[in-house]
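Quick look at what TrEMBL lists:
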type	residues	note
BINDING	117, 140, 142, 144, 246, 248	Mn(2+) binding site
Ligand SMILES: NC(=[NH2+])NCCC[C@H](N)C(=O)O
Ligand SMILES: [Mn+2]
Ligand SMILES: [Mn+2]
């Protein structure tokens, strides 16, 4: 059978097709090293030229370049109660915040490559400062909405959503004074959830946040789920959409090299379909691809598989659609 590539030709918020590729080689939000190598692996796999082939002009920003991440990681005093590395996470996310905001204000689409998901404290707050009307689609096995009071692990990659929403602000480590929460509960929807902590479930319920777990994907099918998710956060189809994509949303069968894999996830096609569908609305305006950790793979094939999935998520979001 003949296959051809068709291009989604209208990105409403980015008609001139410019991307700022923001590299966030950061591992301070969780305990497993290696996730900071994610961005380099995606670049080595040809991400930048793949995006250019889709008609995007790309430039690279490295906002963490001047940070002594290794030094910060060694600082044993960087704790706040049970919370690990608040200083390191705050410093990095503030720089990422600035980079994403600047990229968006220059009318380029910020594509941030992680790194662990704590960097979304910066990507979401930065993007929403530039685009206050935006909405957020969080693709993940986890809700990442633990607060300083509910987190059991103390890992900040499990907390970014609570920070950008300003939950439990009274308990924040002082380092986050710079952060102005700007995400409302009716502007976020989740897809792919299957490992949500007890405290997180209560928050989702109390705030009435739109959340589709794997149960809903099985029940309604991925097409209907994406439709319902977008309808909830973008009813008039006129808001810029930020997609924050944790690769562990996809089943470990396809994505092995990630820090907190959870079985029974999205198939690869379901995972790619989500971003294809957002691309088709023309509203995609910011994207994060996070939590690829090449050093957790059992073999080289697993590394390549995971890195390829990361690149495919970006390509599908940015207009590659297989017919
Ligand atoms: N971005 C992630 N992979 N997050 C995993 C979070 C796991 C757990 N809920 C925690 O708070 O520690
Ligand atoms: Mn996750
Ligand atoms: Mn996550």
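Numbering starts at 1 and runs along the chain as displayed.
Keep in mind that glycine also has a Cβ here, set from the backbone N, Cα and C atoms.
Quantities reported herein were computed from a predicted structural model and do not represent experimental measurements.
TrEMBL feature annotations superimposed on the structure.
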residue: 117; record: Mn(2+) binding site; Cβ within 10 Å: 33
residue: 140; record: Mn(2+) binding site; Cβ within 10 Å: 27
residue: 142; record: Mn(2+) binding site; Cβ within 10 Å: 25
residue: 144; record: Mn(2+) binding site; Cβ within 10 Å: 28
residue: 246; record: Mn(2+) binding site; Cβ within 10 Å: 27
residue: 248; record: Mn(2+) binding site; Cβ within 10 Å: 27
DSSP says residue 142 (Mn(2+) binding site), in three-state terms, is coil
Residues sitting within 8 A of the centre of the 117, 140, 142, 144, 246, 248 CB atoms (Mn(2+) site), not counting those, run 138, 141, 143, 157, 249, 260, 290, 291
